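Look at TrEMBL and you will find 288-454 tagged as domain 'Helicase ATP-binding'. Under the heading Zn(2+) 1 binding site, TrEMBL lists CYS516, CYS519, CYS556, CYS559. According to TrEMBL, the feature Zn(2+) 2 binding site maps to CYS525, CYS528, CYS543, CYS546. Residues or ranges marked as domain 'Helicase C-terminal' by TrEMBL: 551-710.
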Amino acid sequence: MARVARVAVENAALSFDKIYTYLIPEDMDARPGCRVTAPFGAGNRTRFGIVMETADAPAPQRAKTLVSLVDEKPLLDAEMLALARWLRETTFCTYFDAMRALLPPGAGVRLQYQYLLPRGAVLPGGADGDRRRVFEYLKGRGRPVREETLCAALALAPDAPVLRDLCGEGLLIKSQLVRQRVLDGKLVMARLADGIETLSDVTVKITAKQKAVVELLLQAGQASLKEVCYFAAAGKSVVDRLETAGVVQYYTREVYRSPYAAGPARDTAAGIELSDEQRAACDALCGLADSGKPQTALLYGVTGSGKTEVFLRAIRHVLASGRGVIVMVPEISLTPQTVDRFRRHFGSRVAVLHSGLSMTERLDEWKRIRDGGAQIVVGTRSAVFAPVRDLGLIVMDEEQESTYKSEQSPRYHARDVARRRAAWHKCLLLLASATPCTESFWHARRGDYTLLTLRARYGAARLPDVTIVDMNLQEPDARSASLSPQLIGELGENLARGEQSILLLNRRGYNTLVKCAVCQTVAECPNCSVALTYHSANGHLMCHYCGYTARADAVCPSCGSRFRRFSGAGTQKVEQELGELFPDARVLRMDMDTTMARFSHEKHFADFSAGKYDIIIGTQMVAKGLDFPNVTLVGVLSADSALYAQDYRSFERAFSLFTQVVGRSGRAQKAGRAFIQTFTPENPVIALAAAQDYDSFYEEEIESRRLHLYPPFCDMAGIGFSGQRGGETRAAARRFLQELTALAQSEYADLPLRVLGPCESQILKIAGRYRWRMAVKCRWNARTRELLWRTVQKYLAVREYHSVALSIDPRFESAL
């Protein structure tokens, strides 16, 4: 008998991704959840792996032995290892992809190799040039030298034959080091070198892009390297060359390691009296949390009804029993207010996890949670994997939001993961929303979930009065193409009263459509099947998918003209129009371009809450979950852009977006108003959102889903294909359909399936890769997954399609 480890190995393609068995050396304490290094493949290249289980078993024939142990104690516990297996089975990812989702980015490690001459080593006479150069270089150092240093000094390739030969002859010792991939908490900054105060002070020849960098730094003084690259529309290599030439200097700035100051808790609950509805909901949740069984509850309440206060009380109850809590919000923009509120209640017991933190901070927070230093985790989608000890409650606020679904491998939905974890810990999953997703409300109506309802706003606040503005009937205002005269007038009144306004436009940039003024050719990205957007901040056309940029005055590829026609308004243009309409108004724009900096969401929302701004114009990050008592006016500038999309959820998402943003108005004592601008006022979704009538919307939506056979009346899986050649990608999709059809009509003929496609994706090409897709309406059970796994294996056996990437999405949401 021998001690063996069953290991999931990194960088395994789906075609050979499985659990591999290795022998454990006698002096190695390899336990499940520990990372190890192991020889892999015919060349025995060292790879990382994670031990899934260990056992005493007969030694397998030709079994290889683990090389080293990375972690002294397991990084993943039994629950997380089981969760990784479940993720792989249900999302069709590799084992290592599943485990990467469970760990913070800073936990990653990398291998480094180093070389050392053995004591007393002597090179035989007649050795060739490379052997002698290596020998003399290492002999002069007298200590181990990293592989990259050695190869760079001698112009050798990594793992060059000469190095392998010397190691094989015992004349060279190669060893490996494991290094943690963690940022050091520093930000790379750029500034001009001393003595450069004008452009004429630059004595070296520079390119046009380098000139843009210099002009930016002359104006700004200093900026982060990331900001320089964005606003100058230049790559990092452009700035690097300026640094090499002595024009620009790099330096590092200390980045605050802890994401939020750990202040003491203040008992803010004592002064808040719950309404009867809130009290009943809170009592019900506490009872469910104490049941000792996996439970799911849906807290459905109108905007401003006090849902957050209800689950704050439930959290306090769960903490009193010694159990932990995870609270998820759908976007980083909602994190600041949530974190502030929770820290006021619970102090340093709160940890924060989201992608806006540095890798170092996320790793530190993750370790604090794992070690029991924090009992409450607040974060975005990935927080569902937080290693909270003895979970007692998982809260998903705004549970209907699409951002809870991962679009990268593994393609999980946080709701499904939360349900899985609730089953493991026998705890309560609380879904909360003013506009629940149709499936969740259907489950609640059927009794699968406990339904708790808050029908009235807290403190007798009224829902805002909503006006639907028919843009077909509006006289155009020369001062603004985006704001109706009616909304312009309301904004003026709000400014006169000292009250604040929120405007929603879900399109960033300045102009969203740029054409040649001569031949009408639309400016398109050469890498993607999308139009470029004009950004006034840097004067460039930009692709929002791959990041491609071009000068706004670049020649037309069709006719050579430099004249452009700009149309379509984004947030940048509306910001400019507001400045012209109301010169004294303080306008804050919030979109991806203005919230790139660290803690920018916190700063912007704090400034707006403090009254430093009168109007916010922003994308959907300003639409949900925010509570500003002085906001009495909301404007939806383009309702139609949200209504019509190739997605069976488009009406549901539009209704939710309109309802949520309208609900930001009049949340305190002052009455609120909202205006929804549309060219299709007859659309029932707009009228129902204006009335905040979710129940009627649900009845219409569920009947439409039943009629057209969409979830919850079936499940939908999506199969995606992407490749660098369009014809090959199309052929791969058709081959997959052929394999699927053959199995479905024979061994799996009992399964109810409806296959749609394959066809081109809505955006055919992104980042130079062509995309095709197909959908399967089914029941997402073990047998259906078995059918798809069988199909995947048959498809992957066809070598001619190995260059086409395959992905399977268990929650496909296209209207295909």
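Using N, Cα and C of the backbone, Cβ positions are placed for all residues, glycine too.
Here the Cα atom of CYS556 (Zn(2+) 1 binding site) is found 21 Å from that of CYS546 (Zn(2+) 2 binding site). The Zn(2+) 1 site is defined by CYS516, CYS519, CYS556, CYS559, and by the 8 Å test on Cβ atoms against their centroid, the other residues of the chain that qualify are ALA517, VAL518, GLN520, THR521, PRO557, SER558, GLY560, SER561. A 10 Å cutoff on Cβ-Cβ distances gives CYS543 (Zn(2+) 2 binding site) a total of 21 other Cβ atoms nearby, all chains included. Neighbour density at the Cβ, taken as the number of other Cβ atoms within 10 Å, is lowest among the binding-site residues CYS519, CYS525, CYS528 for CYS519. Sequence-distant contacts of CYS546 (Zn(2+) 2 binding site), defined by Cβ-Cβ distance under 8 angstroms and a gap of at least six in the same chain, are CYS525, ASN527, CYS528, ILE766, ALA767, GLY768. Of all the binding-site residues listed here (CYS516, CYS556, CYS559), it is CYS559 whose C-beta has the fewest other C-beta atoms within 10 angstroms. The Zn(2+) 2 site, placed at the center of the C-beta atoms of CYS525, CYS528, CYS543, CYS546, has further neighbours from the same chain whose C-beta lies within 8 angstroms: PRO526, ASN527, VAL530, LEU532, HIS544, TYR545, GLY547, TYR548, ILE766, ALA767. Annotated pair CYS543 (Zn(2+) 2 binding site) and CYS516 (Zn(2+) 1 binding site), C-alpha to C-alpha distance, rounded: 17 Å. DSSP assigns CYS519 (Zn(2+) 1 binding site) to coil in the three-state reduction, outside any helix or strand. Across all of the domain 'Helicase ATP-binding' (288-454), the predicted model scores a mean pLDDT of 92. DSSP classifies CYS559 (Zn(2+) 1 binding site) as coil under the three-state reduction.
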